[in-house]
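Report on one structure; see the data block that follows.
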Amino acid sequence: MTTPVTTRTSLGAFPDQHGTLFRMWSTRARSAGVVLLGEEGEVLNRHPLQARGGGVFETKVEGVGVGTRYKFEVDGQAFPDPYARFLPEGVHGPAVVWENRFEFRHASPKLRADELVIYEMHVGTFTEEGTYRAAAEKLPFLKDLGVNCLELLPVSSFPGTRGWGYDGVAHFAPYKEYGSPEQLQAFIDRAHELGFVVLLDMVYNHFGPDGNYLGAYSPEYFTDRHKTPWGDGLDYSNPFMRHLVLDSAEHWLREYRFDGFRLDATQDIQDDSEKHVLRELAEHVHALGGGHFLFCEDYRNSPHLVTEFGTDGIWADDFHHQVRVTLTGEQDSYYSAFTPGAAGLARLIERGWLYEGQQWPLENEHLEGGRRGQSAGALRAENFVYFIQNHDQIGNRALGDRLPETAGLEGYLTASALLLFLPMTPLLFQGQEWAASTPFQFFSDHHGELGQLVSQGRLSEFGHFAAFQGPEMQKKIPDPQAESTFVTSKLNWNEIGEGEHARTLELYRALLALRREDPVLRHASRGDLQAGAVGNVLWVRRWHDGQERVLLANFGQEEATWPQVPDAGMANLSPMLSTQELAPGRLAPRSTVILGGARG
């Protein structure tokens, strides 16, 4: 008896005790088959697939089990399976028949959204080895640090032996260079044991240019109705494209026990269906179990992603940009849209983000009428993901330099204290906790003409930046295709006990402990939050249950006095934590103090 074909029919290879069912979808194929391959690439056997209607082809091959390598054939030409569960030879090679046999021992801690402290991790550069297994060995360090949510940069299979992961092409298959599927499962199991939830960065807005074989099966995965920076958009109104997204999300949640996702560049997930695919994805992710999260990276400052689509939060780039321009005075590119100063930070903190419909000075096709953002009044504190560093904001700089290099250590610590004092969801980027000296540069491993285009594109990207004018300055920009660029980006764990790195780590541990244990800071509410500025000094006030906490941050280069914070009862407050030695009532340049006591 055969199962009726529907638009939810799963695709790929499905083993049981008798053999393996192979199933593909193609609107191009007049004939279809599966070719079984040996470990040296030799053809072992071919089997035709039977048309089941609606473009679905399938057959059950008896005696073929887990570990068998295969490709599908479309009119006699072999292609990798876009639904492969593992691609041990890379995105151009055969898939293997895979079955989940891992025995998980530990359940997810199921944290609330307002408890999360996110730690963004790139597996390949987090350790010298660049593997899941090596990363798992560092988890006790992160537990001691005080973060509780790990966010992995994309692990969907992508081409080459190194990369950020944002050019993935196989959304069911973990990237081979980091380890096996079972080693990824073991990493997540260990993380759950230590009390972490684990999020996965997913790229559903496009497929990478190298190794994407969807078009070989059907052009209907794509549409010219929508354009993205990477070419034609994905057609989410097509049932098989839509369910590739939904099914792959379910795959990572069920088979690997991820606790949710960060979605890349959701402004480029364009869908004219009656129900937007993001809304359906949010419903699907949350229906698969309590405690699953879905966060969006989206520069439009669009609260509807939460209020209408039901996602859990939005990356708030405005916070990062305002902090950086206030510390460094930078005005290149989008930084020109932000005015340095503590007053801008105060407004941003009270409003959630700065742009609420104002004219955006840079050209952008996704901003209607050139206006960016809407009021965030309906959003809760935990719906905003705040950061002072992340992979983009470091890696998209020409040299991949981190904030301490341009802001100085004291400015960096001032921003760090602010980030972890606020009720918004904080995100740290790997190494941030000790002011890592290593950069995080843009790197890739494409071959031939594509590799040359990537290298040339990187140079032209910074051609209009004043600091990189002329051939001598251009030579300083690392070649993304060079292996040395990748190696240079690996964290140096040997420096964490040294000098200012050790001091920074101690401060981060203290800030995270205060955030976790203090009754006021544990209470994530925008209703009990005020901010203002006196000159270069930012003040932020939080209160709850008869207690008051005030942060004073001097972003200036001169010593300053403590301002009188309205309604704060400053006489009742005493220092709880500071980034520099305190003189009574004084703030050193680029320093922060957190005060606490009973409300006056």
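Using the three backbone atoms N, Cα and C, a Cβ is placed for every residue, glycine included.
In TrEMBL, annotation is done automatically, which means it is predicted and not curated.
Over in TrEMBL, the protein carries these features:
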type: ACT_SITE; residues: ASP264; note: active site, nucleophile
type: ACT_SITE; residues: GLU297; note: active site, proton donor
type: DOMAIN; residues: 120-460; note: domain 'Glycosyl hydrolase family 13 catalytic'
type: SITE; residues: ASP392; note: site 'Transition state stabilizer'
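Within 10 Å of the C-beta atom of ASP392 (site 'Transition state stabilizer') sit 21 other C-beta atoms, taking all shown protein chains into account. Neighbour density at the Cβ, taken as the number of other Cβ atoms within 10 Å, is lowest among the active-site residues ASP264, GLU297 for GLU297. A Cα-Cα distance of 5 Å separates ASP264 (active site, nucleophile) from GLU297 (active site, proton donor). Cα of ASP392 (site 'Transition state stabilizer') to Cα of the residue listed as 'active site, proton donor': a span of 11 Å.
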